[in-house]
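Take a look at the structure set out below.
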């Protein structure tokens with residue numbers, strides 16, 4: 001809704017005569033609101049909240065781990081060993097934990113269900129890491145096991 005007003009009725013008499021033409025103005029724009037409208041600023045930058053830095057760092061860490069896995073998997077094939085086995089165990093467990101954490105965030109609703117799902121996720125991740133470390137220590141290790149599977 002707009003009303004047709006003369007700008008000169010909103011301005012003082014000492015303003016330039018160029019403002020005497022007819023313009024379409026919104027109804028709430030009265031003389032006392034004109035100063036506020038002229039001086040209001042629009043900020044297009046996003047608001048920075050206290051937790052946004054932590055979320056950004058978490059996202060960066062997830063992406064860094066994903067990129068590191070792209071190099072770690074071929075390196076594990078070329079240079080198998082205990083250090084590579086334990087690095088794979090930690091990286092794969094953390095990558096899986098973060099991925100399943102996003103599934104829990106997206107698809108589990110309700111306060112109690114979320115707490116149970118997160119507790120289960122931490123337990124699953126801890127058991128996965130412990131199992132991979134046990135396999136690395138007491139058996140052939142991840143790298144050699146994958147090589148043995150490929151040789152079948």
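The backbone N, Cα and C atoms fix where each Cβ goes, and this holds for glycine too.
Residue 95 (heme b binding site) has a Cβ environment of 15 other Cβ atoms inside 10 Å. The heme b binding site annotation in Swiss-Prot covers 95.
According to Swiss-Prot, the ubiquinone binding site annotation covers 107. All protein chains shown were included, and the count of other CB atoms within 10 Å of the CB of residue 107 (ubiquinone binding site) stands at 8.
Positions annotated as topological domain 'Mitochondrial matrix' by Swiss-Prot: 22-56 (among others). For the topological domain 'Mitochondrial matrix' (22-56), the model gives a mean pLDDT of 59.
If you look up Swiss-Prot, you'll see 79-83 (among others) marked as topological domain 'Mitochondrial intermembrane'. When the topological domain 'Mitochondrial intermembrane' (79-83) is classified with DSSP, helix, strand and coil residues number 2 helix, 0 strand, 3 coil.
Annotated topological domain 'Mitochondrial matrix' per Swiss-Prot: 105-113 (among others), in sequence order. Taken residue by residue, the topological domain 'Mitochondrial matrix' (105-113) breaks down under DSSP into 6 helix, 0 strand, 3 coil.
Below 8 angstroms of C-beta separation, residues 76-77, 80-82, 84-86, 88-89 of the same chain, each at least six residues beyond the ends of the topological domain 'Mitochondrial intermembrane' (136-152), sit close to that stretch. The feature topological domain 'Mitochondrial intermembrane' is assigned by Swiss-Prot to 136-152 (among others).
Listed by sequence, the residues of this chain that lie at least six past the ends of the transmembrane segment (57-78) yet keep a Cβ under 8 A from its Cβ atoms are 84-85, 87-88, 91-92, 94-95, 98, 142-143, 146-147. According to Swiss-Prot, the transmembrane segment annotation covers 57-78 (among others).
Per Swiss-Prot, transmembrane segment is recorded for 84-104 (among others), and the stated evidence type is similarity to another entry.
Taken from Swiss-Prot, the feature transmembrane segment covers 114-135 (among others). Only residues 6 or more beyond the boundaries of the transmembrane segment (114-135), in the same chain, are considered here, and those with a CB under 8 A from a CB of the stretch are 86, 88-90, 92-94, 96-97, 100-101, 104, 108, 141-142, 145.
Here the topological domain 'Mitochondrial intermembrane' (79-83) has long-range neighbours at 136, 141, 143-144, 147, meaning same-chain residues at least 6 beyond its ends whose C-beta is under 8 angstroms from one of its own. Residue 95 (heme b binding site) sits 19 Å from residue 107 (ubiquinone binding site), taking the C-alpha atoms as the reference points.
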